[in-house]
Amino acid sequence: MGGLWERFKRWFFQRYKFTRQSIFWTLFCIVVFALTLYFMNVMANVASYLSPDNTKVPKMSDRLFEAIPSIQLLWLTDLADALLFVPTIILVLTHYRPLYLLCKVLLTWALCNLMRITTVAITSFPDPRDGCMHSVGEFFTTFLLHRCGDCMFSGHTVIFVISALVWTSHGYHRFPKRYRWLAWICMLFVWALTFGSAIIVIANRAHYTVDVLVAFYVAGGNFYIWTYIFDHYIEEKGRLRDLTHPWGDGPDPRPHAQEREQKRQLRMSNDAEKAAMAEPPPASTYQTREIQMQSVDIETEQPSNSHVYYTNSGQPANNQTYNINQQGDDQDRIQAVEQQPYLDQPMQLPGELYTHPERQ
């Protein structure tokens, strides 16, 4: 029993790396989500208070209302939320990067709440459902699930779409390669349940069709906005390692993660190479200067052109001299003659060197 408990603790603390960094950012995301959820409820109460009475004001025309018969089963809408949301929470908590994925989901949901705060009360719609409840003015203390005028856009559909995208982006890789067919079946089931739940929302007349469609666009866009931010500004730059890599700083063993890491390393190498080419080359320690001089070849007693390379300190830049004759082909024209070295570390001179250094 003790061995099992020790293994569980090791698994738990490896999966949930509780450091100051991971705890702070997880709590930060929870607080941001809670604040946006609360103020979204406040604005939904305002929208309900301002919405026109749908018994006196005609409802808006809706094409799918004409095609889908009306039902009075609001509990099906909440059941659809539970069928998608509860398995998604289990996936998040059992993920190999649970705190990272939890923060991503909460921030996506919080951004959707923030957008809903700005849209739900700005335009008043007559509620499409008969018998809804109006808010009476206690905006900060009233908590209702199905209110009149709480239309633009559908909060239930936001939950559907976020859950489906989490399963699509992070649930697929949980399956071993030989069971990828099962992963495809799960994703098809999740998306079928998502679209079916959206139809249930419309059939219950809990929202207009436009509310549901806008929720699809907003939730999908916000999810991939945060995916881009996490990938390009946090993971690729090596930030929040305790949150994004709870197993440590070692490489991610998954094939697709290794491929992404190789692309990142190649991109960083190319950027560094471009930056190095753009900068002027640093001054060499053994910067040389070329001195033209006239000398006389001993064997032919003819003057020959020669170049001498010296360092800044006045010493020859190499421990070999090169005699350049005016006759002969290129291979015979350069002959190396050993000379007493003047430097401990001979310098490799660039390119074709036509030198005949001789200390005068």
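For all residues, glycine too, the Cβ spot is worked out from N, Cα and C.
Residues or ranges marked as compositional bias 'Basic and acidic residues' by TrEMBL: 251-276.
Look at TrEMBL and you will find 310-328 tagged as compositional bias 'Polar residues'.
As a whole-number mean, the pLDDT of the domain 'Sphingomyelin synthase-like' (148-225) in this prediction is 89. The domain 'Sphingomyelin synthase-like' feature in TrEMBL is assigned to 148-225.
What TrEMBL records for 245-287 (among others) is region 'Disordered'.
The region 'Disordered' annotation in TrEMBL covers 310-329 (among others).
The transmembrane segment annotation in TrEMBL covers 23-50 (among others).
Same-chain residues lying 6+ beyond the ends of the transmembrane segment (70-93) with a Cβ under 8 Å from its Cβ atoms: 101-102, 105, 145-146, 156, 159-160, 162-164, 166-167, 170-171, 174, 190, 193-194, 196-197, 200-201, 203-206. Taken from TrEMBL, the feature transmembrane segment covers 70-93 (among others).
Marked as transmembrane segment by TrEMBL: 105-124 (among others).
Residues or ranges marked as transmembrane segment in TrEMBL: 144-169 (among others).
According to TrEMBL, the transmembrane segment annotation covers 181-202 (among others).
Residues or ranges marked as transmembrane segment by TrEMBL: 208-230 (among others).
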May I ask for the residues of the chain that lie six or more residues beyond the transmembrane segment (23-50) and have a Cβ under 8 Å from a Cβ within it?
99, 102-103, 106-107, 109-111, 113-114, 116-117, 120-121, 124, 133-140, 142-144, 147-151, 155, 240, 243
